[in-house]
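A.B. asks: Supplied in structure tokens, the structure appears directly below.
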Amino acid sequence: AVEPISLGLAIAGAAASAITGIISYPRLYCYFRECCLQLHARRAAAALQENLDKKLFGQHLVKKVVVKAVKGFLNNSNAKKPLALSLHGWTGTGKNFVSKIIAESIYKRGLQSKYVHQFVATLHFPHAQEINTYKDQLQSWIRGNVSICPRSLFIFDEMDKMHAGLIDAIKPFLDYYELLDGVSYRQSIFIFLSNAGAEKITEVALDFWRNGRTREDIQLPDVQNALSVSVFNNKNSGFWHSTLIDRNLIDYFVPFLPLEYKHVKMCVRVEIESRGYTVDEDILSRIADEMTYFPREERIYSDKGCKTVDSKLDYYYD
């Protein structure tokens with residue numbers, strides 16, 4: 001015979017073990033707690049495509065390149081190196097927005113995920129005399145985070161303000177090594193954001209416009225090579241004579257085209273709707289008209305993209 005207390009403890013213990021077993025089941029556990037490699041590759045790629053289609057305007061090259069690159073990388077179980085994307089264009093054309101969407105497509109918490117790491121040049125690496133210290137810190141941060149989660153996402157903002165030579169510290173992590181000190185970096189993603197090269201992108205766009213061709217006629221080969229050369233030779237790009245470019249470790253230089261009047265109106269409309277207001281076409285047009293455009297004579301492109309749309313709406317809607 002078993003004593004009642006012993007029997008009760010046995011039942012409680014069995015129940016606890018069962019509950020522990022259920023919670024430790026990966027899918028259920030990850031429902032309550034954020035996990036590394038959280039979203040399935042197909043779901044992540046579908047979410048990326050859907051959000052870019054709905055929320056990003058005037059960037060047909062970005063949509064095509066980013067979706068194909070990220071989707072292919074996530075589906076590749078035997079990647080030979082990490083994915084490295086360098087996003088270039090004027091302020092307000094969508095670089096930060098796209099990096100946010102990529103993060104959200106992989107992790108439910110997006111940029112707030114503990115597996116997504118953002119570096120801002122002017123905040124994290126402000127002093128040129130400390131560049132050697134920054135290199136050591138950067139390598140340590142990346143090594144530590146990838147050791148915890150192979151599918152870590154690293155975003156480097158304001159690359160055009162980063163001290164020359166600093167970014168070369170991460171070259172070993174982007175190269176074709178199977179393991180470095182027992183750690184594989186092949187599932188990680190690196191995204192660089194920069195205004196450098198925007199002049200070259202605008203030059204290509206204007207050439208197409210002046211020749212009577214639409215911006216949708218612009219294809220990646222029309223821009224990418226000239227963009228990479230421009231960034232490599234620009235002392236203020238953060239990539240000046242960088243081994244990352246010299247060794248072809250950046251997989252794609254992604255050009256963000258300058259936005260036209262019609263794209264600004266699209267941004268205004270979406271922002272109004274996201275605030276729950278009824279779209280007033282008069283206010284929508286007024287906000288778009290208030291933006292400044294370049295070149296001065298033709299007034300084709302918004303010089304701030306959609307950057308100030310949010311603050312302008314504050315003026316019209318309280």
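Each residue, glycine too, has its Cβ placed from N, Cα and C.
Automated prediction, rather than curation, is the source of TrEMBL annotations.
As annotated by TrEMBL, ATP binding site applies to GLY89, TRP90, THR91, GLY92, THR93, GLY94, LYS95, ASN96. Taken from TrEMBL, the feature domain 'Torsin-1A C-terminal' covers 259-316.
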A.B. asks: Residue counts in helix (H, G, I), strand (E, B) and coil for the domain 'Torsin-1A C-terminal' (259-316), per DSSP?
C.D. replies: 32 helix, 5 strand, 21 coil
A.B. asks: Among all the protein chains here, how many other CB atoms are within 10 A of the CB of ASN96 (ATP binding site)?
C.D. replies: 17
A.B. asks: How many other Cβ atoms are found within 10 Å of the Cβ atom of LYS95 (ATP binding site), counting all protein chains shown?
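C.D. replies: If we count other Cβ atoms within 10 Å of LYS95 (ATP binding site), we arrive at 25.
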A.B. asks: Counting only residues 6+ away in sequence within the same chain, which have a CB under 8 Å from the CB of TRP90 (ATP binding site)?
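C.D. replies: For TRP90 (ATP binding site), the qualifying residues are ASN195, ALA198, THR202, PHE256, PRO258, ASP303, LYS304, GLY305.
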A.B. asks: Enter the number of other CB atoms within 10 angstroms of the CB of GLY94 (ATP binding site).
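C.D. replies: Summing over all protein chains shown, GLY94 (ATP binding site) has 27 other Cβ atoms within 10 Å.
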A.B. asks: Among the binding-site residues listed here, GLY89, GLY92, whose Cβ has the fewest other Cβ atoms inside 10 Å?
C.D. replies: GLY92
A.B. asks: Test of understanding: give the count of other CB atoms lying within 10 angstroms of the CB of THR93 (ATP binding site).
C.D. replies: 31
A.B. asks: For a quick check of packing: other C-beta atoms within 10 Å of the C-beta of THR91 (ATP binding site), how many?
C.D. replies: 15
A.B. asks: If the ATP site is taken as the center of the Cβ atoms of GLY89, TRP90, THR91, GLY92, THR93, GLY94, LYS95, ASN96, which further residues of that chain fall within 8 Å of it by their Cβ?
C.D. replies: PHE97, ASN195, PHE256, GLY305, LYS307
A.B. asks: To what whole number does the mean pLDDT across the domain 'Torsin-1A C-terminal' (259-316) round?
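C.D. replies: Its mean pLDDT is 91.
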